[in-house]
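Report on one structure; see the data block that follows.
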Amino acid sequence: MTILQTENLSKHFGKVKALKSVSMDVREGEVFGFIGPNGSGKSTTIRILLGMLSPTGGEATVFGMDAKNQAVDIHKRIAYVPGEVNLWPNLTGGEVIDLLMSFHGVKNEGRKKELIRDFQFDPSKKCRAYSKGNRQKVALIAALAIEPDLYIFDEPTSGLDPLMERTFQKYVKDARAEGKSVLLSSHILSEVEQLCDRVGIIRDGEIIETGSLTDLRHLTRTNLYVETSHTLENLEQWEGVHAVEQEEAGWSFQVDTEKMDTVMAELSTFGIRKIESAPPTLEDLFMRHYEGSGGGEE
Amino acid sequence: MFHNSGKLLFFLGKADRLRITVWLFSLTVITIAVPLAFGNLYPTQAERDVMAQTLSNPALTAMVGPVNFETYTIGTMTAHEMVLLTALVVGLMNILFVNRHTRVEEEEGLLELVRSLPTGKGANMMAVFLHILFINLLLVLLISVGLGVLGIESMGWNGSMLYGMVLGGSGIFFAGITAISAQLADNARTSFGIAFAVLMIAYLVRAVGDVSAETLSWFSPLHLSSQAEVYGANHWWTILPLFGVGILLFAVAGYMASLRDLDAGLLRSRAGKTTASSFLGTPTGLALRLQRTGIISWGIAMLLLGASYGSILGDLETFFEGNEILQQMLAGESSASFTEQFLSLLIVVIALIATIPALMSMLKLYKEEKSHRVDLLYAHPLSRFQFFASHLSIAAVQGLVMFLLAFAGLWMAGVAVMTEPFSFLTIVGAGMAYYPALLVMVGVTVLLIGFFPEKSGWVWAYLLYAFIVLYFGGLFEFPEWMEYLSPFGYVPELPNEDMTWLPLILLSMVALVMVTIGFRGYKRRDLQG
Ligand SMILES: Nc1ncnc2c1ncn2[C@@H]1O[C@H](COP(=O)(O)OP(=O)(O)OP(=O)(O)O)[C@@H](O)[C@H]1O
Ligand SMILES: [Mg+2]
């Protein structure tokens, strides 16, 4: 079942076209990773989903309800953590957590205490004294204590240390195990790889790729290094071969995963003496999509 | 220690260019316009002597300072009416500038950036001092030259120079106060609050002092601007304590800054509670909690303001009874009607000032939005109406409470000092008549928040306009329609005029319409964040 859906969503700020056409969906019980370079429109999409911005065109629905007009009903079932958490300098962290929870009518003291302990958070300080990471913890603890049906996280761990990041990942996995849905925007690839069932890649206000990680890996390239007894010629003109570079004794290049078979067959006719391959990393996948955003190649 | 102060100074100047221009331009234009206007309105000495008689009453003394000149020339008239009030505004300007470059920037992390650059530890305070000195000297130059070149007979260069220097000195003094308050408090709002309170107390202390006990006035730095007797005796020594103490305060502030950590204040804030009371868990509760200190401080300030003005009502009675020329001038009118006339003026001034906290509460709706905190709030199951209504109701109720406090203060002080005091109902009723006008001002704020949120601060300019027109309208003989451009102009001036309900009902309806339309805009538009 689809929990959250956008269809041809566009958003213009004056002349700036922040979103051109964003279509995506998050299904029940999955963790959906939302990735893309800086300024590609992730936060804008999320703000529309939260009813804070009205889209210029297209539609955004959550639980089948209109994101803007039925915001209050939607918000009863979601929790949101922004990337940049600003708090009231005169209130303490503990007060803010309670405040946010009571806006939801939630009074889950046990779970709150557990979260405060797990995130090693000191709730007695005034908010102006908290570091960026600690401010983020306030929002995370409140969101996780609310236990909604859908979590929306916009770069929730950008200020957390690795240990706390792990704590966060544990809670997301628990939530998923309980059948909750999660929309997670992140720049931390290992986090996305660990947590997400599916990812959507956005660039320049358009979704350019959606699918499970295994699906997307098909789109990546394998790094190869070969030395052959016969001289390799015109390698760069082979189909599915990229980034060819001559080394001292051989060649290194990249091969499209789906062309691997034909390339290998061809290579073997040259008498392979040595071959090294490096598996495609998620990094490669992302880099390919991130590079040249803002009017570069591709 | 002061390494790279120069570079910092350059950045401060660049960042403040527009702000400096607007402030200095407005101050200079108004200062120069006043003697020109007086020249047109009261061209002969005879006319000015009559004005002097009317103006040298306790009510006006409380507002603009004592009468301490022999002949009421254009020069002394300008100085009497303007120097103190302008010094007050210059003080406010300096508080805003210094607070901005100390606490506000520290809060926004800009200072952290500066400290990480190769600059000395004292460089920032030094740069702020030089910057503020530059602004004030520029003001001195503009005002002195501006007044001097008018070439008005009674306004010689000596007096014009002193006029500018008194303003610049008052500016440096309050800049120094703010430099200190920025070290004491650990956040921008408290720091501003402390400095602003000092400014207000300085003004009120000399108001009471000038009317009833002169020694008291000497406790106020603002008294020096009256004591300078610009265009009269021209006491140049008065600027020495102003500049001297101001510079000394900066030096102390620089030392205090070296004692404390970045983002800390010398007054430590208490360790907080780890849980929230259930009261906090509603939008109204949250908004009230955030504004608590402000509301209480304003409440006390309003009571004091009312009481200070009330304390002069007694002197007003005796003043009139002992002044035969004035009695002849107002032939037939009783002393009661004379006091009533001034009571009406006091009430409108109080009403305008008491409008400030209500507008601040309303503007808080947008301030919260701009500070990105709504990101966290609006994702909860709360409608925009709830946020809107909570701020609106706080603004409206607060306006009522501030009015009541101020006018109760006025009444109580009046009872204490008058032989035939006004009844509670007369004073509070006259004051409350301005409440619908306050609601219209709130309505204007709501409209701005709904449709032009970035411009919502312009409501202050509108309030200032209302103040200038109502307060100076009589003196400068502004055309009548200018009064009707502000909601306060429609209110019957009780008890001097008769009560009419129609304008009040209409004002209330206008306010209601404005709020409704403004809310629709607010509900529809994008939230910034
Ligand atoms: N209120 C606004 N006015 C004008 N332009 C805006 C506004 N908000 C966002 N933008 C622009 O829209 C584009 C998308 O911004 P958005 O914040 O959605 O990016 P993002 O994907 O979240 O980036 P990041 O990874 O840096 O968080 C950017 O070019 C940004 O400058
Ligand atoms: Mg973002």
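Counting starts with 1 at the first residue shown.
Including glycine, each Cβ sits where the backbone N, Cα and C put it.
TrEMBL annotations: computationally assigned, not manually curated.
Some features that TrEMBL has for this protein:
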TRANSMEM  B:20-42  transmembrane segment
TRANSMEM  B:82-98  transmembrane segment
TRANSMEM  B:125-149  transmembrane segment
TRANSMEM  B:161-180  transmembrane segment
TRANSMEM  B:192-209  transmembrane segment
TRANSMEM  B:236-258  transmembrane segment
TRANSMEM  B:295-314  transmembrane segment
TRANSMEM  B:342-366  transmembrane segment
TRANSMEM  B:387-413  transmembrane segment
TRANSMEM  B:433-452  transmembrane segment
TRANSMEM  B:459-479  transmembrane segment
TRANSMEM  B:499-519  transmembrane segment
The transmembrane segment (B:161-180) touching the transmembrane segment (B:192-209) per 3+ Cβ pairs under 8 Å rule: yes
Contact ranking winner - B:20-42, B:236-258, B:295-314, B:459-479, B:499-519 against the transmembrane segment (B:433-452), Cβ under 8 Å: B:499-519
Among the ranges B:20-42, B:236-258, B:295-314, the one whose Cβ pairs under 8 Å to the transmembrane segment (B:459-479) are most numerous: B:20-42
Cβ contacts under 8 Å made by the transmembrane segment (B:236-258) with residues that lie 6+ beyond its boundaries: 121-122, 124-126, 129, 162, 165-166, 168-170, 172-177, 179-180, 182-184, 221, 224-225, 227-228, 266
